[in-house]
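Only one structure is covered here, and it is reproduced in the block below.
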Amino acid sequence: MTTQAAPARQRSTTGVLGLPQVLRLAGFALATYLAGDIGRLTFDEQLQISLVWPLYGVAVLWLASGTPRTWPWDVAGLVAATAASVLLNDGTAAQAVLGAVLALVAAGAWVAVMRALAPDLWGAGGARPMGTLRDLAVFLAASAVAAGVAALGRGTGLGLVPVSSPEDIWLTAIRNLSWILGIGALGMLVLPRRDLSPARWWSRAGRDEHLPLRVLETLAVVAATVGLATAAFGSDPTPFSFSLVLCTVWAAFRLPSVGALAFALVLGAVGVLATLQGIGVFAGATDPFTGAAIAQGFLITQVVAALAISFATEERRAAVARAGAAEREADSRAALFSAVIEHLAEGVSVITADETYAVRNPAVRRMTGAGGFLRPSLGGADQPVMVSSDGEPLAVADMPHARARNGESVIRELVRIRTADGTERFLEVTSIPVHGLDGDPRPVVVNTLRDVTTEQEERDQLVAFAGVVAHDLKNPLTVVRGWTESLREELEAAEEPDVATLRSMLSRVQGASDQMHHFIDDLLDFAVARDRPLHVVELDLSALGEEVAELRREGGTRPRISVQPGMIVRGDRALLRQLLDNLVGNAVKYVAPGVRPSVAVTASEVDGTLEVSVTDNGVGIPAGMRRKVFDSFARAHAPDYTGTGLGLAICERVVSRHGGRIWVDEEQVDGTRIRFTLPVR
């Protein structure tokens with residue numbers, strides 16, 4: 001591992017440049033030399049200054065595009081290229097040294113300010129292209145510092161050339177600023193980007209327009225610009241230069257920042273070059289210094305206006321795009337939220353401070369009626385009513401949402417609802433006040449409703465179940481305890497206990513334990529009927545019925561049991577055998593004293609199911625119990641017949657798990673007929 005890393009560390013400190021960096025140095029050296037040539041070509045003998053001076057802009061980009069690793073090479077290359085440019089254009093050695101120093105100082109000052117104020121921008125240590133108004137402000141500040149430092153250096157001469165007048169220094173500073181802004185901004189926009197395709201030159205605002213219209217628009221503006229520029233900078237100028245700002249504004253709005261800047265640079269350069277030739281509106285100023293300064297100011301104005309408007313437009317478009325994306329995301333979230341709320345089984349509502357529903361999902365309407373608890377009169381005769389524990393309608397002030405409006409948090413409170421048909425349901429209500437929405441000091445109330453009727457019924461059944469189990473187990477346990485105490489006393493009192501007495505006591509103990517055993521078996525059967533996984537197969541229900549009947553026929557009452565042959569169903573063999581055993585067993589058990597039981601198991605196919613009937617000649621089931629007998633621990637003949645009250649509840653569980661239903665035939669007069677359905681396929 002270390003042997004592989006060592007060469008990399010050595011390469012990073014050698015300072016040897018690769019081919020791309022060498023080509024970069026050569027390219028900037030050539031650009032620097034050419035920039036110096038252009039400056040010399042635009043030298044004004046009267047003003048003793050070059051009105052076009054792109055060299056400082058190139059110098060800024062040279063150092064900006066480098067890194068601390070390349071800076072030694074960049075500095076040497078910049079100094080050499082600048083000095084060579086001055087010398088090859090008939091400059092003196094002192095002028096060459098001054099020019100090289102000023103170019104290096106200007107570029108160094110620009111990079112220092114940029115790295116201090118915007119280190120994330122390209123040219124300042126980062127990679128982000130310039131694109132915001134803040135970026136422009138930082139770029140202007142760095143350019144102003146660089147232009148001022150170079151102008152002061154030239155004005156003082158640094159002991160190499162004569163000192164300049166204040167007017168010369170100001171004009172030099174303005175000239176430096178205009179070309180650092182123009183060339184530097186163009187490089188700052190172009191060099192970091194990879195996508196410079198012509199498609200980027202069309203305005204984002206015009207992408208949806210037809211291409212011919214955009215071409216006509218561009219041609220019209222170009223023609224107008226040429227006409228206004230000719231009028232302003234021609235041999236017979238008219239004061240139309242201010243109108244050219246409108247053309248720049250168009251370019252800034254309709255073109256990307258690179259295109260807008262190029263447009264502004266061309267216009268500004270035309271103004272400077274016309275002034276240099278002594279023509280145009282700026283050349284007619286009161287003195288040459290003023291005209292040259294105005295021309296440079298015109299270039300600065302064009303560049304800054306183009307960049308400011310273009311960046312502001314881009315920022316606005318980006319903000320609009322973000323707002324649109326945020327709006328679409330908000331709409332998507334709102335739609336998702338509405339879909340979730342609409343399909344929740346729980347009721348969710350929001351009640352405003354004005355006692356109206358801001359949100360109410362269908363579950364709330366289903367549970368509380370059309371008018372809800374806020375406007376119960378709107379629900380008409382079918383409107384459910386919230387009632388108190390004594391069954392009277394609850395006052396509005398006592399309802400959970402009204403109490404929450406007064407600052408109380410109601411958490412999972414159980415309330416009773418009476419429906420139009422007189423039945424009662426139970427709702428679990430949570431009402432929470434929420435303050436500070438929309439600046440209203442009054443709270444809104446967030447309500448959640450959950451129908452817990454089934455849970456409440458199951459809880460009540462569990463309580464009843466516990467009571468029945470405790471009662472039905474306590475009785476035989478009391479018998480066992482009583483007779484075991486009597487047995488102990490008998491054994492302790494007599495030296496030779498009476499065997500017959502002991503047998504009688506033990507028989508009573510055994511009977512009580514048998515009773516508990518049967519009761520526990522029924523509890524287990526009840527649990528199995530509810531929880532045992534179904535193993536559905538096609539089976540002969542008649543054969544199962546015969547197995548059950550054969551065992552029952554051996555009883556002391558010698559029951560007559562007939563089973564219809566050919567009953568084929570699909571179901572779980574063990575559970576269906578338990579079903580038949582309970583039904584036939586009840587039919588044999590619940591008969592009047594002295595009556596021989598008679599049971600018939602018959603069936604017929606109805607609507608794709610097998611409807612099975614178990615008919616007996618027993619004591620029957622009272623009319624008021626014919627539905628309740630299928631509830632857990634329900635017993636229609638509790639005083640006269642022993643039992644746990646679980647047999648028919650087990651039957652109901654078995655049938656319902658097979659997708660059928662079970663009921664007592666209301667039309668049966670003598671005895672009882674219980675019907676149930678099972679799938680046949």
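In case you wondered, yes, glycine gets a Cβ from its N, Cα and C as well.
What TrEMBL records for this protein:
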DOMAIN    468-681  domain 'Histidine kinase'
TRANSMEM  47-64  transmembrane segment
TRANSMEM  94-113  transmembrane segment
TRANSMEM  133-153  transmembrane segment
TRANSMEM  173-191  transmembrane segment
TRANSMEM  211-233  transmembrane segment
TRANSMEM  262-283  transmembrane segment
TRANSMEM  289-312  transmembrane segment
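Sequence-distant neighbours of the transmembrane segment (289-312) (same chain, 6+ residues past either end, Cβ-Cβ under 8 Å): 44, 47, 49, 51, 131-133, 135-136, 140, 167, 170-171, 174-175, 177-179, 181-182, 185, 241, 244-245, 248-249, 251-253, 255-257, 260-261, 263-265, 267-269, 271-272, 274-276, 280, 282-283. Averaged across the domain 'Histidine kinase' (468-681), the predicted model reaches a pLDDT of 84. When Cβ distances are compared across the two stretches, the transmembrane segment (47-64) makes contact with the transmembrane segment (262-283), since 3 or more pairs at least 6 residues apart fall below 8 angstroms.
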